[in-house]
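Please see the structure below; I have some questions.
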Amino acid sequence: MAVRVVVGTQWGDEGKGKYIDMLAEQSDIIVRFSGGNNAGHTIVANGVKYALHLIPSGILHTDKTCIIGNGVVVDPAVLLQEMKGLNERGVTTDHLLISDRAHLVMPYHKELDVLQEKFRGSDSIGTTKRGIGPCYVDKIERSGIRMCDLIDENEFIRKVKANLKLKNLIIERVYGGEPFEAEPIIKEYLGYAEQLKKYITDTTCILADAVDEGKNILFEGAQANFLDVDFGTYPYVTSSNPIAGGVCTGSGLGPVYVDEVYGVLKAYTSRVGAGPFPTEQNNEIGDTIRELGLEYGTTTGRPRRCGWLDTVMIKYTAKINSLTALAINHVDTIGKLKEIKLCVGYKKDGQIIRTFPASLNELAKCEPVYEVFEPWNEDISNVKLFSDLPQNAQKYLNRIEELVGVKIGLIGVGKDREQIIKVF
């Protein structure tokens, strides 16, 4: 039995889907454990591009069980649309299961998300306005509606009506918005219930049984460490815990069963939306990285901010997640630049530091300290062995390992899931 976890080490969009898809081949069960459809994975298989937002990337493997865990918040309309899109392309979703403890994103969550961002003005967080944050708020304040409620008609109706009493007051009196009527929501969501009920079950018990049976389980992280509500660049974060620790709370599996944790990173850094970014290159270099790496959001289509790889961040992530291996993408992309810089520390108040500050005010005082590397400018898309990489690429990767303190196990040299060097 092997229980593996794949997490992002930066601000998301690191290319986790490709490695998840590869590791899924060795797994019996693939689990999504946090976030909602504010995250996105892109997989390229046999030249076909699949963009997934809720369904685990392992769905392409029809002999595997795919689970949406209790830590995920589910917009049923989005989920059903995603299922339909897969079905239309010949991919079955019959092997998908949804935790009966997962919370539902409701129409008023999405409306509140929009109204709150508008209200914040210049202090807006930069949410995707998909209702994820307000849904997690309801979960924590114990007024959320779960999948088990969706398939219990009387309970669902009761909860919707009870919630709207307060939600409509907030929408109308605080934000000046239009109130919701209960009946249209009830009718819409009971329609979703009819379509989804066969997928909804107690997935915690299924995972416990799988462990007892010695099955291989893969936990698919969405987003990344620096979007974590506790360990990210707060408040420019998501509303959940997409770190390895979130596996346990987002699925019900105990921590002693986790064997391996892969941390996925790019050979540079990117992020979408507002928030600090110490190594950002708001210049021609950043523009070049964006174009070479096709850095546009899977979910939003927004251009991503781009900059140099920051090993202070990656080392911090390695500690938080107990990483056992790194998986690095875009080694082919970064090698095309005229020169490559690697952040090895920060200079703050005249001192060199190698830790990541919690305070954004303190982080703003940090100036990246760089080492410069020569590019390789070679086509490495078909390289299968680390030793066959250009010497300049090997030097860059070896230095990353040295600074982070974790070995690189997987190296992405192209978009396709087959374009991976397996170091160990």
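Cβ atoms here come from the backbone N, Cα and C positions, even for glycine.
Here's the feature list from Swiss-Prot:
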ACT_SITE  D13  active site, proton acceptor
ACT_SITE  H41  active site, proton donor
BINDING   12-18, 40-42, R304, 330-332, 412-414  GTP binding site
BINDING   D13, E14, G15, K16, N38, A39, G40, H41, T128, R142, Q223, T238, R302  IMP binding site
BINDING   D13, G40  Mg(2+) binding site
BINDING   T298, T299, T300, G301, R302, P303, R304  substrate binding site
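Help me picture where these features are in the structure shown.
DSSP assigns D13 (active site, proton acceptor) to coil in the three-state reduction, outside any helix or strand.
Taken residue by residue with DSSP, H41 (active site, proton donor) is part of a strand.
Within the same chain, residues at least six positions away from P303 (substrate binding site) with a Cβ under 8 Å of its Cβ are R290, E295, Y296, G297.
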Would you kindly give the Cα-Cα distance separating H41 (active site, proton donor) and K18 (GTP binding site), rounded to the nearest Å?
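Approximately 8 Å lies between the Cα of K18 (GTP binding site) and that of H41 (active site, proton donor).
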Roughly how many Å separate the Cα of G12 (GTP binding site) from that of Q223 (IMP binding site), to the nearest whole number?
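Each residue's Cα considered, G12 (GTP binding site) and Q223 (IMP binding site) end up 4 Å apart.
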In this structure, which of the binding-site residues R302, R304 has the fewest other Cβ atoms within 10 Å of its Cβ?
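R302, out of the binding-site residues R302, R304, has the fewest neighbouring Cβ atoms within 10 Å.
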Measuring C-alpha to C-alpha, could you say which of the recorded positions D13, H41, T42, G301, V331, V413 are within 10 Å of Q223 (IMP binding site)?
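Those close enough are D13, H41.
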Nearest to N38 (IMP binding site) by Cα distance: which of the recorded positions D13, G15, V331 is it?
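Result: the closest of the recorded positions to N38 (IMP binding site) is D13.
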What span in Å does the IMP site cover, taken as the longest CA to CA distance among D13, E14, G15, K16, N38, A39, G40, H41, T128, R142, Q223, T238, R302?
34
